[in-house]
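Visitor: Below is a structure I'd like to ask you about.
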Amino acid sequence: PRSDCVVAEQLCLSDSTCNATYRILENCALAKTRLLPLDHDSRVRCLNAELDLGNSSLLNCKCHRRMKRQEHCLRVYWTVHSSVTDGYFNLETSPYENPANEEHWKTDYNKLAALVSGKNCSQLAGDATNPCLKETHVCNLSKKCVRLRTDYASTCTRAAGSEDVCDRRKCLRGLRNFFEKVPEDFTKRILFCPCQDEFCGERRRKTIVPDCSFQSNTKPSCLWLLDLCLEDPFCKSRLADFQQNCQPADTSPDGCSLHNHAACLQAYMGMIGTPMTPNYVSNSSVEVSLWCTCESSGNQKEKCDQILGMFESNKCL
């Protein structure tokens, strides 16, 4: 079985040869993180170190969503795969284990839904026309769901000091906590509830409190957002996972190269709470986008359009 990267790192560090190779790769990854240019000899040394790992458990390790020490695991993964991060479309190998191989985090959602339907008919009278409201009521029946939802909602709406702005970093961390720790039975239904009118669509669009987590006064460059993401092992991992599972294919009937929409939606949710947090663009459609622009991207406009297009015009998503 494929080991997780935390275990693989411990095994490697206990072996003198593997340890020495791993230390070389750590220096390579550090230089890349700090955007330090590597000379020819250094690049060769880094590539050789990666090759020296051969078929070791370290080279083939993966991480699990929701695992303890997840960020440490992801840091190890990118240390031994630092050579694959040169270009945007080289991130298509996800550091995460295939969801089908992971332990399922299940909750008896139907039981809770039945509780809701019989709990207070007058309170839920509008649920038929506003499914997003119903999903909120279902979340309220789970202590963990309501606690973590309340946590991020209050953080994302609270003004910081005397300025009338929220603490974006804390807001994004709260969102990550919610989507990481609450079972997907709840999070998927809250985020993807089907709407027939704009009142429902407005509630769905505001699920992640976009005034804080998504929007800003001006739209930054999508290339700047990408750079910000690639500097963070967590965001880079979620982007790689998104690229792998939401890779569009024009020749495929379902628009997906992997033919797995559930994995794509899970990868999309994984982007929420990162610097590249996506969201719905209006109350009347399910179109999503990043909050960024490709204006003034010069000779990198094609690359910028590809980044934005992964969300705005992705048939798979």
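Using N, Cα and C of the backbone, Cβ positions are placed for all residues, glycine too.
According to TrEMBL, the protein carries these features:
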- 5-85: domain 'GDNF/GAS1' (DOMAIN)
- 132-212: domain 'GDNF/GAS1' (DOMAIN)
- 222-316: domain 'GDNF/GAS1' (DOMAIN)
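Can you walk me through where each of these features ends up in the structure?
Guide: Confidence over the domain 'GDNF/GAS1' (132-212), given as mean pLDDT on the 0 to 100 scale, stands at 89.
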Visitor: Just to be sure I understand, if DSSP states are collapsed into helix, strand and coil, how many residues of the domain 'GDNF/GAS1' (5-85) fall in each?
Guide: 54 helix, 2 strand, 25 coil
Visitor: When the domain 'GDNF/GAS1' (132-212) is classified with DSSP, how many of its residues are helical, how many are strand and how many are coil?
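Guide: Grouping H, G, I as helix and E, B as strand yields 60 helix, 0 strand, 21 coil.
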